[in-house]
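Since the structure comes first, as structure tokens, the remarks are kept for the end.
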Amino acid sequence: MSRLTADPRLILFLGVLGASFSSIFVRWSAAPSLVTATGRLGWTVLLLLSSVLRSHWTELRSATRRDLLMCALSGACLALHFSTWFESLKWTSIASSTVLVSTEVIFSALGFALFLHGRIPRLGAVAIAVAFAGSVVLALSDAGGSGALAGDLLAVLAAVAVAAYTLIGQVQRARQSTTVYTFLTYSACLTVLLALDIATGTPVLGWGFREVGVGLLLAVFCTLLGHSLFSWSLKWLSPAYVSAAKLCEPVFASILGLLLFGEGIGPFQGIGAIAVLAGVLLYTKAEENHT
């Protein structure tokens, strides 16, 4: 893909749409969170393997020690993100969990400014604040349950982890193709998840065809048509912009939660969703003016 054949903002939108189904598929799973995450990454690596060996073997072999280290670090961050977020969805609502994960934009923007010497336009900072405020309204409007606080905290930890993954991706996408970067990162992520399965005594096999199907759906729609498109877009768009656009994910996920699980959306959740979308649009305008 290139700028001449694909608008990076459209590709990013498709990635957000695919990722919005993550919480839905996880809810369908009856297995422990680590098993669901391992299944997702196992299928992802398997589906990418033939493409990498066929078309990117030379680039894969030429990866430097630094590249491997950065991809390993990125994969570890992604493993932490998946394991904490999937567990969060067992304790709190889809709306609250996906919204709190979307606070990644705050951590990503701060990391971009502090570690990558990036600049966030003043209007962009206002836009992020608006989107974050909308996310907070969405979260507070959820009635929750006795374990809701634990689920919310896990979602915040997942946000920090995926922000680190996003920032590393910004660095590596200037050095590697999307296919090679994502393959190495997902392979590292799978390795970490398998290590966590072993360390916690969680059996990976024997969960039935339903869990196999959930893992495949997560791999195809949410990883290959979600996170991989995020990685591709980082070559053309800033980490803060990508993170801001991904704030649409809780809106889509909340709608799906209502349609499929009957998780109602109250008036304050609607207000929060509107604020999130307004913040995303405002950030888009701010970055266009800045460039």
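Cβ atoms here come from the backbone N, Cα and C positions, even for glycine.
According to TrEMBL, the protein carries these features:
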TRANSMEM  12-31  transmembrane segment
TRANSMEM  92-116  transmembrane segment
TRANSMEM  123-141  transmembrane segment
TRANSMEM  147-168  transmembrane segment
DOMAIN    150-283  domain 'EamA'
TRANSMEM  180-200  transmembrane segment
TRANSMEM  212-232  transmembrane segment
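Touching of the transmembrane segment (212-232) and the transmembrane segment (123-141) is ruled out by the presence of fewer than three CB pairs under 8 A, sequence neighbours closer than 6 excluded. Taken residue by residue, the domain 'EamA' (150-283) breaks down under DSSP into 109 helix, 0 strand, 25 coil. Ranking 92-116, 147-168, 180-200 by CB pairs under 8 A with the transmembrane segment (123-141) puts 92-116 at the top. Here the domain 'EamA' (150-283) returns a mean pLDDT of 84 for the predicted model. Within the chain carrying the transmembrane segment (180-200), a Cβ under 8 angstroms from the stretch's Cβ atoms is held by residues 34-35, 37-38, 41-42, 44-45, 48-49, 52, 56, 59-60, 63, 67-68, 71-72, 74-76, 78-80, 82-83, 165, 169, 172-173, 223, 227-228, 231, all 6 or more beyond its ends. Within the same chain, residues 70, 73-74, 77-78, 80-82, 84-85, 87-93, 96-98, 100-104, 106-108, 111-112, 115-116, 139, 185, 230, 234, 239, 242-243 sit at least 6 positions outside the transmembrane segment (147-168) and bring their C-beta atoms closer than 8 Å to a C-beta of that stretch.
Distant neighbours of the transmembrane segment (12-31): 39, 86, 89, 94, 97-98, 207, 210-211, 214, 217-218, 221-222, 225-230, 233, 237, 242, 245-246, 248-249, 252-253, 256-257, 260-261; these residues of the same chain sit at least 6 beyond its ends, with a Cβ under 8 Å from one of its Cβ atoms.
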